[in-house]
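In what follows, a single structure is set out as structure tokens and then discussed.
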Amino acid sequence: MLNQTSVTEFFLLGVTDTEVLQPVLFMVFLTIYFLNLAGNGAILIVVTSDLRLHFPMYFFLGNLSCLDICYSTVTLPKMLENFLSTHKTISFLGCIIQLHFFHFLGSTEAMLVPVTAFDRFVAICKPLRYTLIMSHQVCTQMAVTIWIIGFFHALLHSVMTSRINFCGSNHIHHFFCDVKPLLKLACGDTELNQWLLNNVTGTFAMGSFFLTLLSYFYIIIYLFFKTHSCSMLHKALSTCASHFMVVVLFYAPVVFTYIRPASGSSVDQERISAIMYSVVTPALNPLIYTLRNKEVKEALRRMIRRKV
């Protein structure tokens, strides 16, 4: 239930106040957005249409590509519009909806990353039991559960934020509506909202991060003791290292933003962190997770040949 508030719309101050940088940043973020759509879109089409890729690994990567497209689409189109517009407002309801879908898709992706890491752990460390452990039914149930948990986690924040009374400034020092910048505009007590942000969202982020690290740690230990081929070990470690880089790029800014106290970070630091996990990481995921994958590259070539 939306709270009665004197604020009917918010003014998004964006990435920078410098007018001369607006067109340049527009082109930079537009390019990143198109790379995101093209890369993740290609992966999504390939893993759903090519029967050779109907395996758990690619099922989860298809989910990840879908999330990355939607995740960036929640914030980037509005950011691009505001670069070229003087009317940089968003309605109160629109702000709450953006907040909800941002946390819905973000928390879902945060939980999906350790699942993909667990899939790699089972495939490498338990190859004979892989099809039994990661059956189609189990994979579907895991994916559905993750999406549902992500939705209700976001609903918690959107409902609680919508009940806050905003009676002062309506200028959000950010390029999208998020809980932390909105709490700074609140008139009443926001202690519960801050507790939910630090503890619930923080637990999601830190728990997912440590589960991901645990899977890759076991993979590396297993390979060191079981693999006698230096080339195979080098290839596996290279793959783990590239995956770990994306994990750090995604989780480190999230932890920085949502676990640190509001007084411990500046507005510019929060903007940069948000750009890293909501704009840069979704565009990098196709390059790191799948476009370096031999089977995916072959599937892309087959798809291109069919089109030609």
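Keep in mind that glycine also has a Cβ here, set from the backbone N, Cα and C atoms.
These numbers come from a predicted model, not from an experiment.
What TrEMBL says about this one:
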type     : residues : note
TRANSMEM : 20-46    : transmembrane segment
DOMAIN   : 39-289   : domain 'G-protein coupled receptors family 1 profile'
TRANSMEM : 58-76    : transmembrane segment
TRANSMEM : 96-118   : transmembrane segment
TRANSMEM : 138-156  : transmembrane segment
TRANSMEM : 204-225  : transmembrane segment
TRANSMEM : 237-259  : transmembrane segment
TRANSMEM : 271-291  : transmembrane segment
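In this chain, the transmembrane segment (271-291) touches the transmembrane segment (58-76); three or more CB pairs sit within less than 8 A of each other, excluding pairs fewer than 6 residues apart. In this chain, the transmembrane segment (138-156) lies out of contact with the transmembrane segment (271-291); the count of Cβ pairs under 8 Å, excluding pairs fewer than 6 apart in sequence, is fewer than 3. For the domain 'G-protein coupled receptors family 1 profile' (39-289), the model's pLDDT averages out at 86. When the stretches 138-156, 204-225, 237-259 are ranked by Cβ pairs under 8 Å to the transmembrane segment (96-118), first place goes to 138-156.
The list of residues near the transmembrane segment (237-259) in space but at least 6 beyond its ends in sequence, with Cβ under 8 angstroms from a Cβ of it, reads 106, 109-110, 113, 117, 120, 180, 197-198, 201-202, 205-206, 208-209, 212-213, 216, 219-220, 223, 265, 269-270, 272-274, 276-277, 280-281, 284-285, 288-289, 292.
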